[in-house]
């Protein structure tokens, strides 16, 4: 029930922010959409808290749970950004994605699963949560990159419409891109460190080699390259935007492949 209400709040937040975006009055009611988003996030947080409390651990065992947590993380990271930077325009993509994610969650039924040991539970819980936070940050970098490329196209073609007037500057979007990718890389690295500790304790090897391990390393190296390239002054703007988009797709496809084709989520641990 809480997830259904949270999904309704996310949908309402999207409608209100879209209304503000299309309104002829600049910044007509952005606070209304953000307030609805905060309400949805609070209900979503309560739903996750109840789930994890009843189960006794906070590992994201199934794809359904990973999608639900991703939806929550996406909204929370965005709301923190909105509070600091007032970039409410991102809400017109964040909230519909979170709403559709919860629709998927509500439409899928799975049996409860449990982990084998407390130690494993802690390590795998931290790993799964951090990886999902990394994916949410990468998704925000993807959204920012799409806005950047759209604004760049408008400028080159001299399209100065209402949507153009609502977009932040290219410099602001590029800075957000860099920050989100850096945050995503940090979460991804920490998530992989915890799975390395788990692998060493379980199999006496520092890395769980196999399809999952190989794809995870590929994603990590791509984001490492992106973070290092961003330190160079001549690597910014469209180049960074295209690489961010590619990185997010690789990250997301790896998560889906792990859950659907490589032995499922973390219930086996």
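All positions are counted from 1 along the displayed chain.
Backbone N, Cα and C atoms are what each Cβ position is placed from, and that goes for glycine too.
Taken from TrEMBL, the feature transmembrane segment applies to 6-22 (among others).
Residues or ranges marked as transmembrane segment by TrEMBL: 29-52 (among others).
If you look up TrEMBL, you'll see 58-81 (among others) marked as transmembrane segment.
Residues or ranges marked as domain 'Cytochrome c assembly protein' in TrEMBL: 62-262.
Listed as Cβ neighbours of the transmembrane segment (88-109) (distance under 8 Å, sequence separation of 6 or more from its ends, same chain) are residues 3-4, 6-7, 10-11, 13-14, 17-18, 20-21, 30, 33-34, 37, 40, 44, 63-64, 67-68, 70-72, 74-75, 78, 81-82, 139-140, 143-144, 146-147, 166-168. The transmembrane segment feature in TrEMBL is assigned to 88-109 (among others).
What TrEMBL lists as transmembrane segment is 129-151 (among others). Residues 58, 60, 66, 69-70, 73-74, 77-78, 81, 89-90, 93-94, 97, 164, 167-168, 170, 173-174, 176-177, 180-181, 183-188, 190-191, 194, 223, 237-238, 240-242, 244-245, 247-249, 251-252, 255 of the same chain lie 6+ residues outside the transmembrane segment (129-151) yet bring a C-beta within less than 8 angstroms of a C-beta in it.
Packing against the transmembrane segment (180-200) from elsewhere in the chain are residues 77, 120, 123-124, 126-131, 133-138, 140-141, 144, 206-208, 216, 219-220, 223-224, 226-227, 230, 240, 244, 247, 251, 269: each is 6 or more residues past its ends and has a CB under 8 Å from a CB in it. What TrEMBL records for 180-200 (among others) is transmembrane segment.
The feature transmembrane segment is assigned by TrEMBL to 212-229 (among others). Within its own chain, the transmembrane segment (212-229) has Cβ neighbours under 8 Å at 138, 181-182, 184-185, 188-189, 192, 195, 235, 240, 243-244, 246-247, 250-251, 254, 257-258, 262-263, counting only residues six or more beyond its boundaries.
Here TrEMBL flags 241-262 (among others) as transmembrane segment.
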